[in-house]
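Trainee: Quick one: the structure is below, questions incoming.
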Amino acid sequence: MHEQYQPLEVEAQAQKYWNEHHSFRVDEADGKEKFYCLSMFPYPSGKLHMGHVRNYTIGDVISRYHRMQGKNVLQPMGWDAFGMPAENAAMKNNVAPAAWTYDNIAYMKSQLNSLGLAIDWSREVTTCKPDYYRWEQWLFTRLFEKGVIYRKNGTVNWDPVDQTVLANEQVIDGRGWRSGALIEKREIPMYYFKITAYAEELLSSLDDLPGWPEQVKTMQRNWIGKSRGMEIAFPYDQASIGEAGQMKVFTTRPDTLMGATYVAVAAEHHLATLAAQRDPSLQAFIDECKRGGVAEADLATQEKKGVATSLFVEHPLTGAKLPVWIANYVLMTYGEGAVMAVPGHDERDFEFANKYQLPIRQVIAKVEGDNDFEPTAWKEWYGVKDESVRTVNSGKYDGLGYQAAFDAIGADLAAKGLGQARTQFRLRDWGISRQRYWGCPIPIIHCASCGDVPVPAEQLPVVLPENVVPDGAGSPLAKMPEFYECSCPKCGQPAKRETDTMDTFVESSWYFARYACPQFEDGMLDKKAANYWLPVDQYIGGIEHAILHLLYARFFHKLMRDEGLIDSDEPFKNLLTQGMVVAETYYRTLPNGSKDWFNPADVEVERDAKAKVIGARLKTDGLPVEIGGTEKMSKSKNNGVDPQAMIDAYGADTCRLFMMFASPPDMSLEWSDSGVEGASRFLRRVWRLAQAHVSAGFAAAVAQDTLTDAQKEIRRAIHLAIKQASQDVGQNHKFNTAIAAVMTLMNVLEKVAQDDAGNRALLQEGLETVTLLLAPITPHICHVLWHELGKEGAVIDASWPQVDEAALVQDTLQLVVQVNGKLRGHIEVPAEASREDVEACARANENVLRFTDGLTIRKVIVVPGKLVNIVAN
Ligand code: ANZ
Ligand code: ZN
């Protein structure tokens, strides 16, 4: 054993052992309990960033811990390999996206290996490879035949100069990112997954996921957005509209119907079109709304604007004529694209009515006691719909609570055929067509006589040609007759292959299942293997995937279930969303007012005695820089730290220990050089103690009943550490406090003299314990230490240590003694001493006698195991 800890050598040795022994390869072995631990797979962007390292270390620690619990642990890894960055890089460097992607994968795989992750690489999945996407295409054709996938027109961003469709992120301030041209909206045919058909189940089965963070479930619930309400029809006013018909609205507040003073429609609504035919001056506003193409979130906050039309509709209960407005806050894609405006009780309508001088009518009031309305405070009752409010100014409906008003108004509307209860979801069907090259081809053939024909299973996969360099002007596939020319599978006539590819969220929606059987060639999933491994026991990834990825993956799991491929209902039993990795930012303000950001690695910080940062200077010129506060590591603030530099300088174990010690996994982690150095120092201490112990020769096993009192204390520290770490890691994923427990133990062990057999036995037990407790976190050094401590087999095959309850028993306890709440001394009592004995011992303490001299003892408070407080005056 080297005297010094040499991480590079230690890590190479451990990794060599794992490789040679295929240590992490698993199969569906009977008998053992399975544990499937999954970290979200990376996009192969080029190199790992700190967020990846954190994510994969957390997953690895959990995996290794469960392996030590005797479970059959699967930890797979793969590549989310399709996507736009590859196309952009391809254009920049004139290499094919495939070559760029495969190079990145090779490099990042070597990085993952250098971290020492316990991955079963025999299950590697790469989504851009035909053996993977073939099954995605197969499922697509099945779902298309079932009607779960369908084709309809969708709106895209069209760049008229580049003649190409742009993704949302390629549109910057309304212009194309390359051409700078003003972007137009275009309707083109696209394929949609009917996720709305699963809305109810996706919502209700969130209740079956107690292992998910509440916050994520709430985000999903809001995204699915179930609203119970009513569909209400407003008959056209024949005189102004000139045709018969009804304008429908969806409302969650039919109880406010008597307060509707106008109606508003979206710019794309039929009535808007009709109004503009009558009055062309309206067209400008309609065009402005359509051009906006604003995200839904912005719609809620943007300034409300509208124009009046000369059209009217009739109130369904009173027949009163309500003016029709065109308003920018009404979405064409929600409900019916029209609203009944109740400015008295809806904030958006209120803002609009105030601006355009439209009447506002109060029809809801707060009720205090039985019937004590408070008409002045009504604006506070926006959104309130329960029994704390009553209808007012509503004629025959006056005095009703929310539900009673809903029912009474609903019944009258139903009798007239003008209303019915309805549930509305915010969730939309998922449009997956992308006019991009580097994605999974959509397996459809367009035939002039047969229409859209799915590619037959035996002709799959539709292989994406890999040697293509896109030029940024439209999809390359659409310019490759050798790709799109084909014959119709039904009639044999010449036909055209679809050239759109799928949204890359499709690949990441089922990779977790393919890991169960990555080489299976007879179907998408090998049912036996998939049912064995799934659901994933622990899924780990960033909170940024809380909505889309996790919702799509849940959806796909249900699609695969309904296809008979798998039996479970949900893919991820437990979810851990890791916090961000943040770092200090440094900058100087340039003469033009913009900021020049400096990387933390290039900055020297000054600290005061309490280690608080008081100043910072650039290393190159020694001049001060401003401190911009801690922020998520990002390119824009230049505060990213390259994990590779840290691994190269300190080794993977130090890096892993720092990451796990700096904060619990769900909190943000602040980068700190001194933290890394601290981690490195700690590992060197462990090594040094082990080295000293091992070089002193043989150590016998501990015999609890021969230990002296002092030795019992040492052994107690060992087992307290086991107890603490087991709780922290096993139950709460609090690796930081588990590490702290090991550090406390190290402080004890370092003080043990290597002088007699009893001490040496304790040191042996202590060092074995340190090694086992750290094994999931710093696996390389523990692999070597285990061997050096003379243990048979590898530490990865060892069991997590067990607490010896006998070692925790304390023969004597030290209690604090207080007089009137002030510390006056300590007493030593037998652990099993009675309350009376403890009290008597405290009263006899000489300090207590001194401080109670001349006083009367009024009360003695005993907190067992802790303290005695004597109240005297
Ligand atoms: C009258 C009313 C009175 C409304 C009131 C609210 C409060 P959620 O809960 O999100 O489903 N709405 C309906 N369709 C719309 C559209 N296409 N664009 C914009 N807003 C629309 O929201 C339902 C409410 O959103 C509906 O209930 C409707 O306004 C509005 F005191 O109708 B309400
Ligand atoms: Zn045909």
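Just so you know, glycine gets a Cβ as well, placed from its N, Cα and C.
Sharing the features that TrEMBL gives for it:
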{"type": "BINDING", "residues": "K635", "note": "ATP binding site"}
{"type": "DOMAIN", "residues": "39-171", "note": "domain 'Methionyl/Leucyl tRNA synthetase'"}
{"type": "DOMAIN", "residues": "221-411", "note": "domain 'Leucyl-tRNA synthetase editing'"}
{"type": "DOMAIN", "residues": "427-584", "note": "domain 'Aminoacyl-tRNA synthetase class Ia'"}
{"type": "DOMAIN", "residues": "631-665", "note": "domain 'Aminoacyl-tRNA synthetase class Ia'"}
{"type": "DOMAIN", "residues": "712-834", "note": "domain 'Methionyl/Valyl/Leucyl/Isoleucyl-tRNA synthetase anticodon-binding'"}
{"type": "MOTIF", "residues": "42-52", "note": "motif ''HIGH' region'"}
{"type": "MOTIF", "residues": "632-636", "note": "motif ''KMSKS' region'"}
Trainee: Counting Cβ pairs under 8 Å that are 6 or more apart in sequence, does the total for the domain 'Aminoacyl-tRNA synthetase class Ia' (631-665) and the domain 'Methionyl/Leucyl tRNA synthetase' (39-171) reach three or more?
Mentor: yes
Trainee: Across the domain 'Leucyl-tRNA synthetase editing' (221-411), what does the pLDDT come to on average, as a whole number?
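Mentor: Mean pLDDT for the domain 'Leucyl-tRNA synthetase editing' (221-411): 88.
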Trainee: Could you tell me whether the domain 'Methionyl/Leucyl tRNA synthetase' (39-171) and the domain 'Methionyl/Valyl/Leucyl/Isoleucyl-tRNA synthetase anticodon-binding' (712-834) are in contact, taking contact to mean 3+ Cβ pairs under 8 Å with a sequence separation of 6 or more?
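Mentor: Contact between the domain 'Methionyl/Valyl/Leucyl/Isoleucyl-tRNA synthetase anticodon-binding' (712-834) and the domain 'Methionyl/Leucyl tRNA synthetase' (39-171): present.
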Trainee: Per DSSP, to which secondary structure element type does the residue listed as 'ATP binding site' belong, with helix, strand and coil as the options?
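Mentor: Note: the residue listed as 'ATP binding site' is coil by DSSP, not helix or strand.
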Trainee: State the count of C-beta atoms found within 10 angstroms of the C-beta of K635 (ATP binding site), not counting that atom itself.
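Mentor: Counting Cβ neighbours of K635 (ATP binding site) within 10 Å gives 9.
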Trainee: What is the number of residues in the motif ''HIGH' region' (42-52) that are helix, strand and coil, as DSSP sees it?
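Mentor: Its residues divide into 3 helix, 0 strand, 8 coil.
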